[in-house]
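Below: the structure, in structure tokens.
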């Protein structure tokens, strides 16, 4: 038995016991490590940060995907930036109404290793006929994508360091705005309010997105293996308000069983603690 | 620099750096340790479990107190069981409309040490003329209390082990029901849904309370230094529904500034993830 330890802040650590290191490699983009333990099952880290584990991946993947579909059940064309483990694509592909999913992951090794070690998220994704898998830079992809070509963009990225950095820039958010159609929705990994370094990234992302989209919101969820367990997604949109415009009956008619998401929780998730709301409105 | 490490489950730990151990003693009831660090400030543990720290105590204390007052702004008589750090009493005493607060803490040493080392929660509590401080067993106290003598009971306890055990029993909840008046509300520390051992305690508490009170709910909040960061309180009541009957304007008219709680979050906190709802309805 050995321990994987992650620094959550300068003053605290989170550690997970594992039985076996399944794989370790340095790809052209990042350090990739796969481990296997009992409680959290198989998990992998990028540059020594927890990405996905079998115990709580359902939380993250439910929350990045379903709120957008309950706000606009007519989503047909979806762009996923990042998401190399496949879990976000897996959830999107559960909607039979979705016609086309482009997934742009910079590091093919992440996806290939998840196909091998983490079938719970990656299995079946490549085989789905609606999928277009591209292993290239997400920022470059959106720069070259045509105007108004997607209904939904899901930014399933790492923190704004290394390969994730470009996905937290004004240039990127502007391109997202352009390639979204008139009802378009952007969901982005929005970091966390509790530890200072993450909170700073949260504030910066918020400020940039708010300058571009007419409707912007942030929603929260309990993600125990991410620093502080208090994690956020951004919801930016051209027309739909995620709380006022939620289409509960339409979403329920999809008949999807979800372990974390439900339409009551959807509305609840947008109700943020006062200190988070204040931090998000700073610099305005 | 040394580390305080707490086992969150069989397979994972949370560790906090501290600069100084301020105090350590074995009281007649439990092991008490006070530490001082940078990020979390002063914190203390009971039987090696994190109780209170200066960084996130506002979250727990906002959430144990304010939802009840926003549901019934006419609360005048409050019973606190446990709560030795004083933080729950501190928040209750902010309401000028409160006339009487009885706090029954089994371990006087916890309160005295918090007066010395943790003034952020304990300062001023003993001095408030509305306070009656009793250092005795909470279960015995409620057994001897008259019928219908309180508007609100706040169970601010440890986990159901050692001194906290009696506060998770049917006998205790029945006495709470009896000593609450016709509009009475019971708020209790309700453990956590994520790690198996805590989830089991959560389910057991739920089942017992649901058999006694006509209106029962569970609400959640983000408490980063408790296991998984996903923590719950129970809301049980004789007449008021915490979501339908919330009195937003009445609560706002108290003019209290709160760092975590707000009335939108109040409603949101009762919207639970599907897996938590299912676990709470098990055994029915």
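Glycine is treated like the rest: Cβ placed from N, Cα and C.
Since we're looking at a predicted model, the values are computed, not measured.
Summarising model confidence by region, the domain 'PABS' (A:1-238) averages a pLDDT of 97. Annotation comment: TrEMBL describes A:1-238 as domain 'PABS'.
Residues or ranges marked as S-methyl-5'-thioadenosine binding site by TrEMBL: A:30, A:105, A:137, A:138. Around the Cβ of residue A:105 (S-methyl-5'-thioadenosine binding site), 26 further Cβ atoms fall within 10 Å across all displayed protein chains. In the three-state DSSP reading, residue A:105 (S-methyl-5'-thioadenosine binding site) counts as coil.
In the three-state DSSP scheme, residue A:61 (spermidine binding site) falls into the helix class. With a cut-off of 8 Å between CB atoms and residues at least 6 apart in sequence, the same chain places A:87, A:88, A:90, A:91, A:121 near residue A:61 (spermidine binding site), listed in sequence order. Here TrEMBL flags A:61, A:85, A:156, A:157, A:158, A:159 as spermidine binding site.
As annotated by TrEMBL, active site, proton acceptor applies to A:156. Using a 10 Å Cβ-Cβ cutoff, residue A:156 (spermidine binding site) registers 26 neighbours.
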Three states by DSSP: which one describes residue A:85 (spermidine binding site)? coil
Starting from the Cβ centroid of A:30, A:105, A:137, A:138, the recorded S-methyl-5'-thioadenosine site, name every other residue in that chain with its Cβ within 8 Å, sequence order please. A:29, A:81, A:82, A:84, A:104, A:106, A:107, A:135, A:136, A:163
These are the binding-site residues: A:137, A:159. Which one scores highest on other Cβ atoms within 10 Å? A:159
What is the separation, in Å, between the Cα atoms of residue A:137 (S-methyl-5'-thioadenosine binding site) and residue A:157 (spermidine binding site)? 12
Which of A:85, A:138, A:157, the listed binding-site residues, has fewest other Cβ atoms within 10 Å: A:157
